[in-house]
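Asks: Quick one: structure below, then a few questions.
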Amino acid sequence: MRSIWRTLDRELLRNVGAVAAAAGLVGASFGAIAVAAGLAWWLPLVMSVLVFAGGSQFMAVGVVASGGSPVAAVIAGLVLNLRHLPFGMAIGDVLGSGWRRLVGSHLIIDESVAFAMGQRDPERSRAAFWACGISLFFFWNLGVVAGSVAGQAIGNTDALGLDAAFPAALFALVLPSLRDRATRRVALIGAAVAVATTPLLPAGIPVLLALVGLLAAGRAPKPATEPTTEPTTDPTTEPTTDPAADPAADSTTAPATSEESR
Amino acid sequence: MTMVAVLALAAGTYGFRLAGPLLRKRLEIPERVRRLLSMAACVLLVALVATATFTQGHGFAGWSRPAGVLVGAVVAWRRLPFVVVVVAAAGTTACLRLLGVS
């Protein structure tokens, strides 16, 4: 572990720190929102420690809060987390082997992958991955505890508008990946399908049904990947952007950024 | 949300994560599939945003919530910090409800 901290330079540490602090805030809102949705205060924490994938945690809680079955919630969360498989293949050699691989696999999130892939040499990749993974794990869970304790203290969450905070927070997390035009089209079609079928189908199913939007994905990966993923981390419009300087604790932000930094 | 659901989600997620480093020498995922996977994640999240914004149970959620989400979305789009997004959305909806808008 000591060699990791020696390899990290100031700039990298500062970037990791910024991302970790942001993750703490997102974690706090997750905790508050989950408790507002009726979860016991400790359940969001257990979930955050064991799942450690913010997007899928928001997803599962959101599906259950809307009256969906836990099965639908788990399926939606798992579909969301399928992307970790190619992530792991991309940075597998960064993890090492043995217990490092077992522990490191749990720390594969959008941000740690993006940080690892953004480095030039393997030594720095390894250091960046572990520094990012460990600090995000710490701050994310710390934020969740703080959020759920605070959320519990609040009585009437609807009067405070927390039900609006949830979709808005989620939107902020997916926004960077919506800069890709094809992704945007597919997502809008899916959202329309989900809203239109909500009055008719059991809760939780409409969100899964949104996946039919993928049929409009088209095939154009060849010409599309280079120019369309570029704007997601456009350095001219966003001075603070590095491959992972996004507040998303493991949402869908990195697929675009990590593709780019590959 | 039950403990069993949390454990199932956790186990499945860890499985996906561990499978990457373990299978990377034996399996090649085509670029097209990778792209679809990251799109799928985005589609699900946007669908959840949409349904959580507009619907409550099987019906319309009322106007105060979408109005708050809209304000939050604009704030996010202007690249203001995450906290501001959350506070702006919740604050707008709370104010509208205080004024009697459902």
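Each residue, glycine too, has its Cβ placed from N, Cα and C.
As annotated in TrEMBL:
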TRANSMEM  A:12-43  transmembrane segment
TRANSMEM  A:58-80  transmembrane segment
TRANSMEM  A:127-147  transmembrane segment
TRANSMEM  A:159-175  transmembrane segment
TRANSMEM  A:187-217  transmembrane segment
REGION    A:220-262  region 'Disordered'
Asks: At a C-beta cut-off of under 8 Å, are there same-chain residues at least 6 beyond the transmembrane segment (A:187-217) that contact it? List them, or none.
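Replies: Contacts with the transmembrane segment (A:187-217): 59, 63-64, 66-69, 71-73, 75-76, 79, 174, 178.
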Asks: For the transmembrane segment (A:127-147), name the stretch out of A:12-43, A:58-80, A:159-175 with the most CB-CB pairs under 8 Å.
Replies: A:12-43
